[in-house]
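Student: Pasting a structure here, questions to come.
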Amino acid sequence: MARKKIALIGAGNIGGTLAHLIGLKELGDVVMFDVFPGVAAGKALDIMQSGPVDGFDSAMSGTGDYAAIAGADVVIVTAGFPRMPGMTRDDLLTKNAGVIGQVAEGIKTYAPNAFVICITNPLDVMVWVLQQKSGLPPEKVVGMAGVLDSSRFRLFLAQEFNVSVEDVTAFVLGGHGDTMVPLTRYSTVAGVPVPDLVKMGWTTQEKIDAIVTRTANGGGEIVKLLEKGSAFYAPAASAIAMAESYLLDKKRVLPCAVLLNGEYGQKDFYVGVPVVIGGNGVERILEVQFTPEEKAAFDKSCDAVKKLIEDFKKLGV
Ligand code: TXD
């Protein structure tokens with residue numbers, strides 16, 4: 001049986017970290033594509049040279065030719081431009097939509113059977129563009145944001161309660177970042193919901209509210225510290241969890257941006273909801289019952305994504 005093939009479109013900070021994790025976890029061989037093929041090839045060679053030390057045999061290569069991704073089982077997309085000072089959101093939308101258009105064409109031509117994970121921002125719109133332009137089935141095209149947002153939420157809750165991150169689960173929905181909707185009553189420490197922990201005196205509602213705000217601004221907090229570039233270790237780890245669930249048919253329940261088709265009363269755009277990821281891609285969408293406040297927050301988040309899609313359509317890219 002041949003090793004799995006994983007194509008990484010974009011060999012920047014996240015792309016390099018993805019390749020390293022794929023090697024360490026022995027998930028398969030890696031092809032990195034970038035408009036700077038030398039960077040892709042250099043990172044691939046460097047990471048492969050850590051294989052003898054760490055004990056992995058993944059073959060890694062870098063390329064500027066889409067033909068090299070042929071037959072990939074998984075494609076993870078990070079290609080694009082980050083927001084620079086003076087750039088508007090429309091500028092980023094236009095530039096990255098152009099990039100994603102090229103990526104969609106490459107995937108459609110060479111890897112139409114792949115499971116595709118998009119990471120490029122603005123996430124919820126870019127993953128929609130990728131699915132529309134590639135024509136791949138929606139259950140095989142997902143966006144990564146919720147796993148990252150919930151991982152940040154889990155860390156901050158674990159720090160607040162002074163317990164292991166392993167025993168904290170978090171439940172987030174909605175668009176990436178500031179419109180994210182954490183459902184604290186489904187977030188737990190070893191099965192005990194956060195609101196019960198507030199009642200038990202483990203924390204206060206004010207502290208939970210502050211943690212929610214910090215989580216929603218989690219990306220911005222890191223951008224500010226780094227001064228150039230954005231988070232890449234946790235985003236890469238999050239996408240790997242999704243890829244692993246697909247490749248190993250683990251059927252993990254993970255919050256991912258998926259195309260809604262009537263679930264939660266919404267349709268025809270991508271937004272984050274909990275889904276089962278298995279060997280068939282998105283195998284099931286979990287539709288939980290909202291309280292009126294949760295529904296209002298989720299609808300507001302959906303409106304923000306829909307507004308960005310409308311802005312994108314007006315650009316005529
Ligand atoms: O939760 C999330 N979804 C995110 C999203 C969390 C963190 C960062 N997120 C976004 O991921 C971020 O806003 C960016 O849009 C992407 C990639 O982040 P990364 O930190 O890896 O950015 P880099 O280091 O700038 O890498 C981007 C690479 C770089 O090597 C470019 O040369 C390449 O993309 N690039 C291209 N590759 C292929 N094809 C085209 N057209 C292209 N254009 C640029």
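Cβ atoms here come from the backbone N, Cα and C positions, even for glycine.
As listed in TrEMBL for this protein:
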ACT_SITE  His176  active site, proton acceptor
BINDING   Gly10, Ala11, Gly12, Asn13, Ile14, Gly15, Asp34, Asn96, Ile119, Thr120, Asn121  NAD(+) binding site
BINDING   Arg83, Arg89, Asn121, Arg152  substrate binding site
DOMAIN    5-143  domain 'Lactate/malate dehydrogenase N-terminal'
DOMAIN    148-313  domain 'Lactate/malate dehydrogenase C-terminal'
Student: Within 10 angstroms of the C-beta of Gly10 (NAD(+) binding site), what count of other C-beta atoms is obtained when all protein chains are considered?
Tutor: 23
Student: DSSP helix, strand and coil counts for the domain 'Lactate/malate dehydrogenase N-terminal' (5-143)?
Tutor: 69 helix, 25 strand, 45 coil
Student: So the record assigns Gly10, Ala11, Gly12, Asn13, Ile14, Gly15, Asp34, Asn96, Ile119, Thr120, Asn121 to NAD(+). If I measure every Cα pair among those residues, what is the longest distance in angstrom, as a whole number?
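Tutor: The two farthest binding residues have Cα atoms 17 Å apart.
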Student: Quick test of your reading of the structure: among the binding-site residues Gly10, Gly12, Ile14, Asp34, Arg83, Asn121, whose CB sits under 6 A from ligand 1?
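Tutor: Cβ < 6 Å from ligand 1, in sequence order: Gly10, Gly12, Ile14, Asp34, Asn121.
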Student: Looking at the binding-site residues Gly10, Asn121, Arg152, which has the shortest Cα distance to His176 (active site, proton acceptor)?
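Tutor: For His176 (active site, proton acceptor), the closest Cα among Gly10, Asn121, Arg152 is found at Asn121.
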Student: Return the residues near Ile119 (NAD(+) binding site) by Cβ distance under 8 Å, restricted to its own chain and a separation of at least 6 in sequence.
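Tutor: Same-chain residues close to Ile119 (NAD(+) binding site) (Cβ under 8 Å, separated by 6 or more) are Ile14, Ile76, Val77, Thr78, Gly143, Met144, Pro235, Ala239.
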Student: Taking DSSP three-state, what's Arg152 (substrate binding site) in: helix, strand or coil?
Tutor: helix
Student: Please tell me which one of the binding-site residues listed here (Gly10, Gly12, Asp34, Asn121) sits closest to Arg152 (substrate binding site), measuring Cα to Cα?
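Tutor: Comparing Cα positions, the candidate nearest Arg152 (substrate binding site) turns out to be Asn121.
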Student: If I take the alpha carbons of Gly10 (NAD(+) binding site) and Arg83 (substrate binding site), what is the distance between them in whole Å?
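Tutor: Per the Cα atoms, Gly10 (NAD(+) binding site) and Arg83 (substrate binding site) stand 16 Å apart.
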